[in-house]
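What TrEMBL annotates here:
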TRANSMEM  50-67  transmembrane segment
TRANSMEM  103-127  transmembrane segment
TRANSMEM  139-160  transmembrane segment
TRANSMEM  172-192  transmembrane segment
TRANSMEM  244-265  transmembrane segment
TRANSMEM  285-304  transmembrane segment
TRANSMEM  316-335  transmembrane segment
TRANSMEM  347-367  transmembrane segment
TRANSMEM  388-408  transmembrane segment
TRANSMEM  414-435  transmembrane segment
REGION    448-489  region 'Disordered'
Amino acid sequence: MRQNITHQNNGTEHHAAPRFLSIKEHSVLSLQKVVLDSIHDEDHSYTGDGYVSLAVIYAVFAISNWLAPSVISFLGPKYTMLFGAVTYNVFIAQFLFPVTWGLYAASVAIGVGAAMIWTGQGNFLTINSDSTSMSRNSGIFWAMLQCSLIWGNIFVYIQFQGRDHIDQHSRYTVYGALTGIGILGMLLLLLLRGGGIPRRRNGQRETDDKSGPASEVDVRQLNAESGFVDALLKSLRLMRTSKMLILSATFFYTGLELSFFSGVYGSCLGFTKSFGKDSSKFLGINGLLIGAGEITGGLLFSILGKRTNKAGRDPIILLGYLVHIAAFYTIFINLPANSPLGPTSEPAYITSNLYLAFVGSFLLGFGDSCYNTQIYSILGFVYSEDSAPAFAIFKFIQAIAAAIAFFYSNYLLLPYQLLILVVSATLGTLSFWVIEWQTYVEYRRHRNHTTPDDSGADGPSDAQRRKAMKTSLGIPPLLLGNSGREDTP
């Protein structure tokens, strides 16, 4: 009981810290294209481009994910996240004194920092969860993280209401406040218990934070942190496994849709002048509704965790797929084809309707939560002993996809971008199903050949079943523990 309470309390603290950091992250990414265009209008020597900056961020993010597990092996997840938080604040602060080289230098910095934060979060979440709480904690984590979209975008809406140009005073107010919020997030990270700097004693790694989770959780963390080089090699080996390669299609889609809802879609709304000359103010409402969709999904899958476990993860992925296809269709008919590229008064297939655009915002957020909560759940179960490399690979592939998407967003019309999303969503959903059902069949086949042994009258323990599964199948069982199937242990 004591251990469970520790997990829950530490999990709550962990959710709160990234929430404050993400308030500024989500707000800034959704505003970046429009804000930089406004800066250019005031200073023609400024040539920074929002889509190029985002492409740089995600390209560096992708590369840095390979280093994140090794950094975690030295600093632990807590201080790795703190390092990442510093780069977030650097990126925000450069908007207060914009210069072109500063934008791209800060883009490189936050690309590195984002890899540290996201991989550290995944590792910290995993070592503070067990087989019965991973699904619930993934949902709670995602819901609280996405609350940042609500508060950040309320602030943005108030500041930009009635403005068709984001002037210097407005930028100072918004980015000054976001920098302050980021500093608060850094302070909250310091309050986290556990996940401190690891150290070696008698040849075995330990964490120097004795206020952390119970010893069996520390063992899981120590197993995942086997040195700088070992962590990198472990990531490379894991990347080449068949299951991870197949799941890569799902990871890739989440990167494409991340770039679309976090950067492109908001720009489309801001550039569609049929919504009014001050259409930039709707960026805040767009972010609010995306956040509402994300939070709704996270809370729903957390509250209904036991029921969704019986049905499995694949129905939730199917729900996310259908929701996103519906969102893409409404966007296709409602927004001008050239709306991602700049201000436009061109007509869409129907008369552009602001409320339909907001429906699309909510659907994008809800569908994204379907995919991400289930990916977090799968990786936390399957790779509980290798969580840092597993989450690093996920974020690496996601970031590569996002960088590609932000690059082509500068050139492709909206219908072509939506077509890419539809094709990728279909492949990613099918790939997830293949892994879910393949491993389920393997588990059932293995269980039918398992007989009680000397471990006790009731047969082998869960730990023995886990070890036997890994030995016989050569892979970590996707559906072991709180598997997502009613008849699994």
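Backbone N, Cα and C atoms are what each Cβ position is placed from, and that goes for glycine too.
Most Cβ pairs under 8 A with the transmembrane segment (414-435) among the ranges 50-67, 172-192, 285-304, 388-408 are made by 388-408.
Scored on C-beta pairs under 8 angstroms, the neighbour of the transmembrane segment (103-127) with the top count among 50-67, 244-265, 316-335 is 50-67. Counting Cβ pairs under 8 Å that are 6 or more residues apart, the transmembrane segment (347-367) and the transmembrane segment (50-67) reach fewer than 3 and are not in contact.
With a cut-off of 8 Å between Cβ atoms, the residues of this chain six or more beyond the transmembrane segment (244-265) that come close are 26, 29-30, 32-33, 50-51, 54, 58, 238, 286, 290, 317, 324, 331, 340, 360-361, 364-365, 367-368, 371-372, 375, 378, 390, 393-394, 397-406, 409, 417, 420-421, 424-425, 427-432, 434-435.
Counting only same-chain residues 6+ beyond the ends of the transmembrane segment (388-408), those with a CB under 8 A from a CB of the stretch are 51-52, 54-59, 61-63, 65-66, 68-69, 72-73, 77, 111, 114-115, 118-119, 121-123, 126, 224-225, 231, 234-235, 238-239, 244, 248, 251-256, 258-260, 263-264, 375, 379, 382, 417, 420, 424. Residues 29, 32-37, 103-104, 107-108, 110-112, 114-116, 118-119, 232, 235, 255, 259, 263, 267, 392-393, 395-397, 399-400, 402-404, 406-407, 409-410 of the same chain, all 6+ positions outside the transmembrane segment (50-67), place their C-beta atoms under 8 angstroms from a C-beta of that stretch.
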